[in-house]
Every structure is written in structure tokens, then in C-alpha cells.
Amino acid sequence: MASVALEDVAVNFTREEWALLGPCQKNLYKDVMQETIRNLDCVGMKWKDQNIEDQYRYPRKNLRCRMLERFVESKDGTQCGETSSQIQDSIVTKNTLPGVGPYESRMSGEVIMGHSSLNCYIRVGAGHKPYEYHECGEKPDTHKQRGKAFSYHNSLQTHERLHTGKKPYNCKECGKSFSSLGNLQRHMAVQRGDGPYKCKLCGKAFFWPSLLHMHERTHTGEKPYECKQCSKAFSFYSSYLRHERTHTGEKLYECKQCSKAFPDYSSCLRHERTHTGKKPYTCKQCGKAFSASTSLRRHETTHTDEKPYACQQCGKAFHHLGSFQRHMVMHTRDGPHKCKICGKGFDCPSSLKSHERTHTGEKLYECKQCGKALSHSSSFRRHMTMHTGDGPHKCKICGKAFVYPSVFQRHEKTHTAEKPYKCKQCGKAYRISSSLRRHETTHTGEKPYKCKCGKAFIDFYSFQNHKTTHAGEKPYECKECGKAFSCFQYLSQHRRTHTGEKPYECNTCKKAFSHFGNLKVHERIHSGEKPYECKECGKAFSWLTCFLRHERIHMREKPYECQQCGKAFTHSRFLQGHEKTHTGENPYECKECGKAFASLSSLHRHKKTHWKKTHTGENPYGCKECGKAFASLSSLHRHKKTH
């Protein structure tokens, strides 16, 4: 029923070994292999005609004698046992190649490298597999195969690593780990650029067409593996299997310290490093260490100008495939799954369903603590951490917890002075790469995200927040004063006006702020930096909002109109302050004298003129020309005009 294929009885030379063979030895090897093919054909085996020299010039594994555990059907239904007896009977002692080995098969013509290799040869021919992995048999619900068996002990060891997750072979170049020597060798060949199969887009080389085909999916976006439950598609089978576990809830790997379970070993290993603090992957250029190899590779691109993923429509290039794919969606929206309402296209049905909720307003996930409903499970999980504060990544300095390690790492930098991301044009440094990218747009003037009203934005998040001003939707309401906000971040920032919390402190003057953005702007007072310059009149500004307000003076643009009296304003805050003149609302009260104000900025100005001047006599704003001091910045500005 099953018998030996050509690859099961073939001798594989390494690249170095093949180069050492002389012309006579190579010809002899070809003759032996051709005789093997003829013998297999005679006994009814299926085989593929291949160029033998090409096949062994690029060996599949760097082993002297490799016996595959793969069997093919016999043409005439020959029993496996009969074939094995033929093979065993045909073994004779014969020294054909000096120094190679005394055993040769008459049937196949294969030179066997010693007695242990001969035993291996017989095992493969007979289908004998003495090494069995019992874990597969003990867990029939987890594994489809029961008691999987192998012909060689090293094959058993390689298989066991699938269960243990052990990866003993490390790449010295990038630190990536592998479960088998063959996988490491293949990886190193890709790093060296070896292999006959080259990618036409990025030049990466591969030994096998199958690996090249898999790699090409990273460029084409092809996703052949689709989940039957939710229709989500994946480029690689391993990613598809990991995803399936999210539906079954299967979590095989448990953290020894906190007992948290994970669907795959690599996730468990990354999680364990949050307990140990281990960061085995170090950047050779700046010495920065990372807990995951993917984080290191992402970081390394910040040192180079390499951006391998280029958009063919606008020419914009990206360091990472994920960023490139997100960018392409903004251009095309031409996926096969189209929205019937707005015509947008999506790659998979699950993305379309998620998008359709933005039209229907359907919110499947409701928070039991505050009653808030959300459209997506990911948004719901993020929201829940606001209540519990039980994210796995906790800050040792302030105790704040985070769900995602990337967000946690960004937060850690707020406590340190570390700023690894530098602008090449002006030398300004930033804690996170996204801040650097935003800053770089101040030099280029690029605003890729455009609203239908004509307004353009530097980043997608600001663009999304702006769109809510048109919709008028403000689902996030403050329980203290009833004020509503279009996004949760604005509500969180607003809450600090009631609690008085100021977690961000200036290292120069120790002044504290409730928002990180305010701290950044304040620091410009010390540095004198004014990155936003008007192209019309050359006036420079420390704040982007001030710069945008100033620009509207030239354009005479007033997009914010009062619905009661029709008065228009250049900024939404001015409109909000104006609207309170109609309602008479003064929600901001001075704790010192009880005076109430319509806007928070008015209260702050009052505190400086009333509280500081009356109670302390402090006038913090001094004129550099004459030395006169003022209680408020606006008074100083007015005074400066006299000079």
C-alpha cells in the first residue's frame, strides 16, 4: 500500500561536500541516482523527473544522509513489508567511493555511510518507527494524531519541541531562535541572500519556491487561509491555527508565575519576560534592549533610511508592512467586500461587518459597570481596563497598568529623560517614534488626512476626532458636571480638572500639568522653541492650535458658527465660550473667592491675577526689556507692544 519514494533513499551532500567531489565522482553519483530511479520505476514507485545535479547543488538539509518520513502510493499496490524485504536482501558490502562507507544498496545504488546509517536505511524501507511521542496520544482532544511515531530519535526530539516550545538554535546576527538546525540554516541563508529563488520586489533570496511564494504574500496581501467561523483571512497557515484558538478558547501554555494561559508558546514566553524583565534582543547601534525580536527589527529601521514598503500611487514609503497596508486602505478602499451604504471596499467579510456598525450604530458590547456600549470587542476590552486597572503591564514608578506592552513602554518613557528618536533636520528628540513622525510633518507641511470640509490633518487619530464635530456625537459624559465629549481621551483629560490630578511634572521648574501635551508645550517656554511658522507673515508659534488660529486670520476662515445668533469663530473653544453667554452657565468656580467663570481658561487667568497677586504678590511674567513684572501672560504681551 505504501512504499519508498526517491527522496526516502537519496544521499544528500552539503554545498561544501559537493564542491569537493571531482568530475568522475560527480558522474558516478549521477549514474547511481539514475539507476536508483530506474529500479524504483521497475517496482512501480511514483517519482518526479528532476535535474539531479541542480537538486543536490542546493541541498534541502545539510545532513550527510537524510531519510524523509514521507511515503507515496505504489502503482501496483505493493505492500510496504514486501518492499522492505527486497531492500534488506539487496544490501551488499562494496567499497565504491573511497572513504565514504562500505555499504551500498544494489536495488537503489545508494551509498550508505556506515552501520548506523544502514540501520536507518532499513528502518525507512520497512516503515519501522521505534520512537513514539506519547504526549500526542495522551491528549486526544488537543492533537489529531495519537502517539505519533518517528524513524529517528532526532526527528522525535524536533517534534517534541512543538509541544515544549524549546528553540535551542539562535541566529548570531539577529538573535532569532529556532526549534531545529535546518530552520536556522534556512534563516541564515535568507540573511546572507543565498538561494536560487529571488523575490522580484525586495531581492530576498530563498532555497525553495514554496518559501518564496509564502514571502510574496507579504507584498501582494494574499490571504488564502480563511476562518470558517468569522471569515477572517490569513497569509500563513500558522497564523490561521493561532487564530482558531481564539474561538475554541484553547490555551496550552501557562505562565509559571501568574498562571495566565496563552494559545501559543511564543506569546507565553513574551509574557514571562514582563515578570523577569529579560530583554535578550539588543540593538547593535544604540544598545537598546528588547523583549521580542520583532520589536528589535522594528527599532532597527529607525536608525536606517530603509523603507522597503513603497506606495505606488503616492510614492510614500514605510518601514513596516502593517503601516503600509493601513496606508493603502486610505487610497483604494477597493476590497472585494463592498459596503452597500457608502461603497467602501474591504479585504474580508469581518472587516465589512465591523464597518457596517458605523452606519447602523449597532453596539454589541456593553460595559456592566458604567453602561457604555461599544461596537467592537477590542474597544470594549480597552474600555474595561479603565475600570479595573488590571492590565498585565504595570509601571513600577506610578503603578499604572496597561493592556499592551507597546503602550506600557511609551508610558515608561514619560518618567525618564530618554529621547531616542531624533529629527534629522533640526535635531529635536522625542520619546516615541510617532511623535517624531508628527514633528517631521511640520518641516514638510504634509497633511495626508483630508476631511470633506477641506480641513486636513497630520495624523489619522486627529482626523477621526475632527469627523465627530460634524456628526455632533458626544457619547462620553462627565458625571461631575455633565459636559459631553466626542472621545474618551478628552473625557479623561477633563476629569482631571475636577480631581486636580497633575501627573506630568516639568524637570526644569517642577511645575505640574494634568495633560502630557501641556507639559510638552510648557517646556518650549524654557527652550524658546517655536516650531510652527506662518508662511504668510513669518510669525512663529509654540502651539499648533495657536498657529492654526493665526492661519485663519489670513484666510478669514471662521468654521464654527453659533446656532443661536449666527456669530462665527475661528476656533471651537471660542464658540463654546460664546455659547455660555446665551445660557449664563459658569461651571468653573474659584475656590479662593467663589467667583465663577464660563471657561476654564478664564478661571486660570483669574487665579493668576487674583489669587497669586492678592495672596502672594507674585508676578511671574517679567519683561526682558525693562524688567517690569506682570501677573498674567496677556498683560505682559500688551505691555510689550509699548516697547
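Glycine is treated like the rest: Cβ placed from N, Cα and C.
The domain 'KRAB' feature in Swiss-Prot is assigned to 4-86. Summarising the annotation, Swiss-Prot assigns zinc finger to 134-163, 169-191, 197-219, 225-247, 253-275, 281-303, 309-331, 365-387, 421-443, 504-526, 588-615, 621-643 (among others).
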Among 225-247, 253-275, 281-303, 621-643, stretch most in contact with the zinc finger (197-219) (C-beta, under 8 angstroms): 225-247
Top partner of the zinc finger (169-191) among 253-275, 281-303, 421-443, 504-526 - counted as Cβ pairs under 8 Å: 281-303
Helix, strand and coil totals (DSSP H, G, I; E, B; other) for the zinc finger (504-526): 11 helix, 4 strand, 8 coil
Residue numbers, six or more beyond the limits of the zinc finger (421-443), whose CB comes under 8 Å of its CB atoms: 302, 410, 413-414, 458-459, 529, 531-532
Structural state census, the zinc finger (281-303) (DSSP three-state): 8 helix, 4 strand, 11 coil
Sequence-remote partners of the zinc finger (504-526) [C-beta within less than 8 Å, at least six residues beyond its ends]: 414, 417, 493, 496-497, 542-543
Tertiary contacts of the zinc finger (225-247) (same chain, 6+ residues out, Cβ under 8 Å): 214, 217-218, 263-264, 347-350
PLDDT averaged over the residues of the zinc finger (225-247): 82
DSSP-assigned states of the zinc finger (169-191) in counts, ordered helix, strand, coil: 11 helix, 4 strand, 8 coil
